[in-house]
């Protein structure tokens with residue numbers, strides 16, 4: 001005898017926690033690269049973020065009289081914390097990540113009803129708010145430690161995060177100023193501030209674009225690319241969004257190089273600088289805030305690529321992934337409405 005039950009009659013073993021865990025595993029190579037090139041501050045920021053995220057998820061569960069495991073075990077808050085911690089400068093003051101996690105989880109996630117209800121990517125809401133509110137702290141990226149005369153020790157890293165200075169009394173900006181030829185800490189920052197004075201050739205000859213230094217951001221982006229390809233292979237994310245985002249940006253950047261040569265960094269340098277690969281594979285592909293239709297995913301990814309291009313090339317911010325993702329999130333309901341697959345046998 002067969003037992004009569006309602007649908008669904010088949011079940012998938014893919015739970016939310018499993019998906020989140022795979023995403024975090026895919027981020028580990030990039031996390032290791034960030035720590036290798038920027039030091040212990042990366043791990044300190046991640047530790048603070050994860051600890052606070054778990055505490056907030058437990059508190060929300062108790063306030064809503066839910067089982068603690070209901071909010072913590074799905075790992076969504078933990079993943080949000082990891083993404084935000086890897087997005088901010090490793091030696092930013094501790095209160096930056098504290099404010100960011102509170103904004104991401106309380107304002108951008110749980111105020112909408114929790115997982116699956118939020119309209120905007122929580123980590124990017126927090127990042128954008130931090131960048132606008134605290135621009136000095138959010139642009140305090142150190143150069144890779146190989147270029148520093150005295151790389152921060154573990155004790156220095158703790159001191160920088162919690163007091164703002166090393167044990168010898170040096171701030172992040174003082175450490176950055178000890179490196180000749182560096183105006184800002186990241187390649188995009190340096191190119192944005194130095195392009196008019198030095199030109200493309202002069203920028204590319206600076207320490208930030210030559211030798212091991214240049215390989216720092218390239219290798220971090222390559223690590224994100226490798227992790228993203230793993231997620232596509234495991235069917236954790238779909239290929240349409242990253243392909244459309246990177247393709248649109250590369251197309252527009254390439255056309256700019258042809259029409260206005262020697263005015264901006266080349267396409268490859270743009271693709272492997274900043275948060276491009278991070279955004280394409282780990283941020284834009286958020287299943288809650290991204291488009292859900294096949295054609296919609298292509299449009300959504302293409303929009304992000306377009307916004308990144310416009311802001312990077314013509315805006316005031318050297319990197320633009322956070323703002324681009326949030327702008328595209330606004331368009332998702334409209335995109336999904338007009339890209340619903342046609343039912344078999346129905347008219348267009």
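Quick reminder: no glycine exception, Cβ is built from N, Cα and C everywhere.
Taken from Swiss-Prot, the feature FMN phosphoryl threonine applies to 186, supported by sequence analysis.
Beyond its flanks by at least six residues, the transmembrane segment (15-35) meets 42-43, 46, 73-76, 78-79, 82-83, 86, 90, 115, 219-220, 223-224, 226-228, 230-231, 234, 236-237, 278, 281-282, 287 of its own chain at Cβ-Cβ distances under 8 Å. According to Swiss-Prot, the feature transmembrane segment maps to 15-35 (among others), an assignment based on sequence analysis.
The transmembrane segment annotation in Swiss-Prot covers 36-56 (among others), and the record cites sequence analysis as its basis.
Annotation source Swiss-Prot lists transmembrane segment at 67-87 (among others), citing sequence analysis.
The annotation transmembrane segment is assigned in Swiss-Prot to 88-108 (among others) on the grounds of sequence analysis.
The feature transmembrane segment is assigned by Swiss-Prot to 125-145 (among others).
According to Swiss-Prot, the transmembrane segment annotation covers 212-232 (among others), on the basis of sequence analysis. Same-chain residues lying 6+ beyond the ends of the transmembrane segment (212-232) with a Cβ under 8 Å from its Cβ atoms: 22-23, 26-30, 32-34, 37, 143-144, 146-147, 186-187, 238-239, 242, 271-274, 276-278, 280-282, 285.
Under the heading transmembrane segment, Swiss-Prot lists 241-261 (among others), citing sequence analysis as support.
Annotated transmembrane segment per Swiss-Prot: 265-285 (among others), in sequence order.
Sequence annotations record features per position, and here Swiss-Prot assigns transmembrane segment to 298-318 (among others).
Annotation source Swiss-Prot lists transmembrane segment at 320-340 (among others), citing sequence analysis.
Touching of the transmembrane segment (298-318) and the transmembrane segment (88-108) is ruled out by the presence of fewer than three CB pairs under 8 A, sequence neighbours closer than 6 excluded. Beyond the ends of the transmembrane segment (320-340), by six or more residues, the same chain brings 87, 119-121, 124-125, 127-128, 131, 274-276, 278-279, 283-284, 289-296, 299-300, 303-305, 307-308, 310-312 to within a C-beta distance below 8 angstroms of the stretch. Outside the transmembrane segment (88-108) by six or more residues, the chain places 34, 38-42, 44-45, 48-49, 52-53, 56-57, 60, 77, 80-81, 118, 120-123, 125-127, 129-130, 134, 137-142, 152, 157, 160-162, 164, 172, 185 with a CB less than 8 A from a CB of the stretch.
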